[in-house]
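Enquirer: One structure is given below, represented as structure tokens, and several questions about it will come after.
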Amino acid sequence: MNAVQQKVAVLGGGSFGTVIANIMAEKGIKVSQWMRDSSRAEEINQQHMNTRYLPDYPLSEDLWATSDIELALKEATLIFVSIPSQSFRSVVQLAKPFLKAGQMVISTTKGIEGETFSLMSEILKDELPAAKVGVLSGPNLAKEVAKHQLTATVISSDDEALRTDVQAALHQSYFRVYASSDMYGVELGGTLKNIYAIAAGLSAALGMGENTKSMLLTRSLAEMSRFAVSMGANPMTFLGLAGVGDLIVTCMSPLSRNYRVGYALGSGENLEEAVESLGEVAEGVNTIRIIKAKADELEIYMPLVSGLYEVVFNGAHVQEVVKALMMNEQSSDVEFVLPREAN
Ligand SMILES: NC(=O)c1ccc[n+]([C@@H]2O[C@H](COP(=O)([O-])OP(=O)(O)OC[C@H]3O[C@@H](n4cnc5c(N)ncnc54)[C@H](O)[C@@H]3O)[C@@H](O)[C@H]2O)c1
Ligand SMILES: O=P(O)(O)OC[C@H](O)CO
């Protein structure tokens, strides 16, 4: 089907759901965006604005929003789910009665379900066994996309038709969509980088230098790819937009909510205050806890996650944790070249 003939539904009324829906509405695709708040849907339909999440950005007059999920999903062939990980499964369950076999369902969510250690693609496969599943992830700060800053993302799926349909639906003069078949790696890249963005925000607030930032970013990449490879991902994925690309943007931009939580912690706020003052979802906070538990269980070496966990949840002093990290045993730079055990 030609991209403009598609009917697309986006589930989620937050910043990312809105920009994704808006990209497609701007190019003439019929899009319905579902959100639970009917007054916000009305605001999008009447004022063409989402003032709660994207206050400064006018939206396409062709973007249509509704709080009726059945209506939103009617005749949709492509469905994007842009709901924080903690509510992702419940929203998919709400949508389930209105979905048909063979529909393409794509997660844009960068988090893990704690109780089951499921990534969002796994929840989709679990809840919708007859759907074709994909994951959209990359360096995509919603506010920059809304501003039409030149941006690239990754669509990952085993299903080639899904990849090409999503590329066709989202491609714009300011938005490029690259393809991948390593769904697990792409999804883990987007999820894990949130942890290191908190560490980067914290180190920025403490005035750490450029050498330090570079070390932190590169060792974060080493740690996240080590974890992902242990879970079955392809290490090469971490060289792409969904790996190092997303790590860079999230660790360097104050537009990142995870970075902002880290910055607030480094400025003396406690976790509760930092999350409260943000007022939006910062997936990394829960992800630290979930990954720490999994790394302990599988004995995966993750010193940055362990150190950050101590600072964020156990009130450890950052300087003490940093000192311990620096005094750790010497190690290999790129362990896919020189294995850590061989050093
Ligand atoms: N904002 C970005 O720059 C960006 C970019 C790429 C990916 N993401 C990812 O997209 C996901 C969503 O993020 P966001 O930025 O849109 O979040 P957000 O905080 O801006 O909005 C979350 C939305 O989800 C809705 N929601 C929460 N629980 C719900 C429930 N039970 N039922 C119905 N709606 C519910 C909220 O009402 C809100 O509209 C996150 O996993 C995030 O990591 C965000
Ligand atoms: O605002 P954050 O920290 O959730 O990051 C947003 C996107 O994931 C950046 O790609």
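Even glycines carry a Cβ here, placed using N, Cα and C.
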Enquirer: Select one of Ala142, Ala222, Ala316: the residue that TrEMBL places in the NADPH site alongside Ser15, Phe16, Arg36, Tyr53, Lys110, Arg257, Val281, Glu283.
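Expert: Matched candidate out of Ala142, Ala222, Ala316, per TrEMBL for NADPH with Ser15, Phe16, Arg36, Tyr53, Lys110, Arg257, Val281, Glu283: Ala142.
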Enquirer: Per TrEMBL, what member of Gly28, Gly138, Gly307, Gly315 joins Lys110, Lys193, Asp246, Ser256, Arg257, Asn258 in binding sn-glycerol 3-phosphate at one site?
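Expert: It is Gly138, as the record lists it for that site.
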Enquirer: Using a 10 Å radius around its CB, how many other CB atoms surround Ser15 (NAD(+) binding site)?
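Expert: Total other Cβ atoms inside 10 Å, all chains included: 22.
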Enquirer: List the binding-site residues among Gly12, Gly14, Ser15 whose C-alpha is within 10 Å of the C-alpha of Ser256 (sn-glycerol 3-phosphate binding site), in sequence order, or say none.
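Expert: Within 10 Å Cα-Cα: none.
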Enquirer: How far is it from Gly138 (sn-glycerol 3-phosphate binding site) to Lys110 (NADPH binding site), counting Cα to Cα, in Å?
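Expert: Gly138 (sn-glycerol 3-phosphate binding site) and Lys110 (NADPH binding site) have their Cα atoms 10 Å apart.
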Enquirer: Including all protein chains displayed, how many Cβ atoms other than that of Gly12 (NAD(+) binding site) lie within 10 Å of its Cβ?
Expert: 24
Enquirer: Near Asp246 (sn-glycerol 3-phosphate binding site), which residues of its own chain have a C-beta under 8 A away, given they sit six or more steps off in sequence?
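Expert: For Asp246 (sn-glycerol 3-phosphate binding site), the qualifying residues are Ser137, Gly138, Pro139, Asn140, Gly189, Gly190, Lys193.
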Enquirer: How many whole Å apart are the CA atoms of Ser15 (NAD(+) binding site) and Lys110 (NADPH binding site)?
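Expert: Ser15 (NAD(+) binding site) and Lys110 (NADPH binding site) have their Cα atoms 13 Å apart.
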Enquirer: So which binding-site residues out of Gly13, Gly14, Phe16, Arg36, Ala142, Glu283 end up within 10 angstroms of Asn258 (substrate binding site), measuring C-alpha to C-alpha?
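Expert: Within 10 Å of Asn258 (substrate binding site): Glu283.
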